[in-house]
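*Asks:* Would you mind keeping the following structure in view while I ask a few things?
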Amino acid sequence: MIALQKRPTPSRTLSLATPLIAVLITMIMGGLLFTVLGKNPFEAIRTIFWDPVFGEFAFYYRPQLLVKAAPLVLIAIGLSLGFKAGIWNIGAEGQYIIGAICGAGVGLAFYPTESRLIFPLMILAGAVGGWAWAMIPAILKTRFGTNEILVSLMLVYVAEQLLASMSLGLLRNPEGMGFPGSRNFSDFPAGSSWINEAAGLHWGMAFAFIAVIFAYILLNRHILGFNIRLTGDSPHAARFAGVNPTRLILFCLGTSGALAGLAGLFEVTGPSGQINIDFASGYGFTAIIVAFLGRLHPVGILLAALLMALTYVGGDLAQGNLGLPSAAIQVFQGMLLFFLLALDLLTNYRVVLKKKGAA
Amino acid sequence: MDLSAINPVLLIASLMVAATPLLLAAIGELIVERSGVLNLGVEGMMIIGAIAGFAISVETTSPMLGLLAAMGAGAVLSLLFAFLTQFALANQVASGLALTLFGLGLSALMGQSYVGVKPPAMAKLDLPILSDIPVLGPIFFSHDPVLYFGIALTAAVWWFLKKSRAGLILRAVGESHDAAHALGYNVIRVRILAIMFGGACAGLGGAYISLIRVPQWTEGMTAGIGWIALALVVFASWKPWRVLLGAYLFGGINVLQLNLQAAGIAIPVEYLAMSPYLITILVLVIMSADKSGAPASLGRTFHASQ
Amino acid sequence: MKLTKLLTSATVALGLATTAMADDPTKVGFVYVGPVGDGGWTYEHNKGRLAVEEAFGDKVETTFVESVPEGADAVRVITQMALQGADLIFTTSFGYMDPTIEVAKKFPNVKFEHATGYKQADNVSVYSARFYEGRAIQGHIAGHMTKTNKIGYIASFPIPEVIRGINSAYIHAKKVNPDVEFSIIWAYTWFDPAKEADAAKALIEQGADVILQHTDSTAPQAAAQAAGNVVTFGQASDMGEYAPFPRVSSIIDDWAPYYVARTKAVMDGTWESVSTWDGIGAGMVGIGEISDAVPADVKASALEMVAALADGSYHAFTGPLNKQDGTPWLAEGETAADYGDNGLAGLNFYVEGITAEIPN
């Protein structure tokens, strides 16, 4: 009989090897899927995984990978802090939307003034917006013990309705011929998050890297990081050690909200360009998956986000070049996640063969 | 302008239809969560049920077979989630999200040749005398069989949780998997069965949309109903009859706002659409005061270590 | 918005490549906002793409990417097509307007066609359809067919395109039936079958016996069929599976003639940036077969109107017409201008007689 035995410490070798094995298995299974759909599996896999990074037009796609990965990194880093401590914010999508609305709203209030002060103010507004939205589940949890998973999820729907209302109402572009959607930030340099648009670099990437470093130091070198890990591993021990759970909840949810808000702000003022009904494209949810794929480790999250970005960019490429339907790409991404999640087991557990009855 | 144009009898009858897919999916998820598992993949299982039910009933021209196929498809897809979370001990939140992604993609692939096809019609239950009764007739006796099945299922789940031994075990597993394990119950098996039940219900709910309520197949046609079902379980504080009530309330708000618009009353649609979620949060807060709400083991991974 | 050297050199290289190898098939790219299986908006654009393939055989090579979110992803996908050597790119949703313009600046040798927008450039054309002409036909038939004098209208978002449709349908229904009333539901979605079904039911329950829809699913058709005595019209695609009743006619988005003509123009080297707003005449708006459920005299007068709209002898917005608040809009015999104040492009008010309010 096969049984699982918990490893005393997670295996380092396997924690590095399993993602690669998962990607490999996905390639094989995905290849089968693409064959069934009548496409050349080798060409499809190459188009998705190789061409964006090393192909003919890689010079364009490499920065695009960063464009796609930056919001995922920002959000997932914030989420990972809470997840480590057993605090489940799954409403990052809502915080992302509110951050974008607040930041863009502040910026557009100054339109068309050109001043260097506007963008920092917008960054602040975006972070505060996301932070405030995350404070709702945080305060409800610390005050009343309300489940933060569910409250934060509910608030995503509320934020989506607000987004629709803003795009059709308050923030609608007065020169937009009556169409929904705000002014485009590409027409408003003072409020644009691009550092160098042609090279595909924006401030969100800079902040994403800072967030990775910040999280790494926090978790490994700072007492707060220690408290977070302790609370996640053993809430009772943490309480004995004098960790204040209320402050930890406020810190973790607040930080993840602020980072998600920042991600929304950088996205709306750069790559996306405007507040619109369809502005939210699921980064907040994808980031949850990224956080787990990266094993809640800052560097792991960075790599996981780049991998997810690759499947998006490569997937669109495969659609355009090979005529793969977008549904096939979605299935392929789903498989990748399944294998990554399933193989994660091997890092923390040993698979042993046991005689029946020995348990 | 003209509120008298709204016929309350018809309004109630049609909100019952609108509420049914929600009710089915939420009742399934309620059992899953009562066993201590949080499956966020409801939307994915619903849409797989929607296409599987649609395809089978078109091929066999039997809506009944389609509904059965939908339940089967939802249950099979949920097994993936069960495997990940119960055997591979993967995180439930991430696995559920992955399940939704996978289900949406797979359903679109499966459904490519069914766009623009009209499914065989599902006959309404024919209750000639009863359905002619004024007021009560249209409300209670003029629907399709699945709608009644949903209500019966609610009653059955209530009985199961409240009165049956199996239900007691399920609740024990959800409250404290370690204690249940110590008592000799097979936590993993209970949870897998619960997850499959949830999958079957979600699949049926999806097929209700594609076969009865709309009826047609188009990609992404569940349009977020699976997520609302998740909210609904919470709103109902994990109690079956409250799920029924909540489904009518959630479905009702939407039907009501459409009716108000049709009657010419200008209402802020977005703000009304927010209200079910805000009410849910409010309910959550009130509930958390009495500490009896959520299953204590909800979302936690179980591994029987020696 | 500076160009990188890399991008420019790639563009130049591609520009040279396309002119140098004239025997190569003409590459045409399509960017879709929904899945090709949506049965409505994107489905019809994809039919246009297939028509291009059929018309030119192996002289043309088409590619498409579906379900592209508006925003950053759109910029990347359009750029991707340009990089891969597309000669002509159709971007088929309003939200692709700014991305299209942005990418077009970097690829001066590639031709772009943006649907339903208003920003043009040297290598960017815009095209849209005068769906309101089709709405006039629907209004005409609806006015004759209704017995309750109540017509339900499922609208998507309060934007000029949709408001034009409501006005046009109302004007022509009123013309043949002065007692007609419109009930309008804003669904705030282009596509949500369940919600559309509920909206249709709500309208029917409140006594509407004709349903017009500006959302893309067949859910309202099915609801009408279940009700038994309610008339509907197909939207975006023919929805012929519900003919001859409840669906008595339809507005079909027919992009095929335009897509074929524009591809031909690129092949012949005669392509230039234009702003196209075509209606029934040019075949961009198709009127689906009027079924026998419509009385013969109504059908005949409807077909007369189709002909008059097609040859330009009749304009769907011809005065005298007042705005909802009673102020004059068009004088006797005056027809609505496309652009400018009170022009059709930015239309944001109802005509006199409609009792509802436009939400904002």
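Yeah, the Cβs are placed from backbone N, Cα and C, and that goes for glycine too.
Given the structure is predicted, the values throughout are model-derived calculations rather than measurements.
According to TrEMBL, the transmembrane segment annotation covers A:16-37, A:65-83, A:95-111, A:117-140, A:149-171, A:201-219, A:248-266, A:272-292, A:299-315, A:327-346.
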*Asks:* Which sequence-distant residues neighbour the transmembrane segment (A:65-83)? Criterion: at least 6 residues beyond either end, Cβ under 8 Å.
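*Replies:* Sequence-distant neighbours of the transmembrane segment (A:65-83): 52-53, 89, 92, 96, 200-202, 204-205, 207-208, 211-212, 215, 218-219, 228, 232, 251-253, 255-260, 262-264, 266-267, 270-271, 283-284, 286-288, 290-292, 294, 296-298, 301-302, 304-306, 308-310, 312-313.
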*Asks:* With CB pairs under 8 Å as the measure, which of the listed stretches A:16-37, A:117-140, A:149-171, A:248-266, A:299-315 comes out on top against the transmembrane segment (A:327-346)?
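*Replies:* The stretch with the most contacts is A:16-37.
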*Asks:* What residues in the same chain, six or more past the boundaries of the transmembrane segment (A:16-37), come closer than 8 Å to it by Cβ-Cβ distance?
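*Replies:* Distant Cβ neighbours of the transmembrane segment (A:16-37) are 44-45, 49, 293, 303-304, 307, 324-325, 328, 331-332, 335-336, 339-340, 342-344, 346-347.
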*Asks:* Taking the transmembrane segment (A:248-266) as reference, which of A:117-140, A:149-171, A:299-315 has the most Cβ pairs under 8 angstroms?
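*Replies:* Comparing A:117-140, A:149-171, A:299-315: A:117-140 has the most Cβ pairs near the transmembrane segment (A:248-266).
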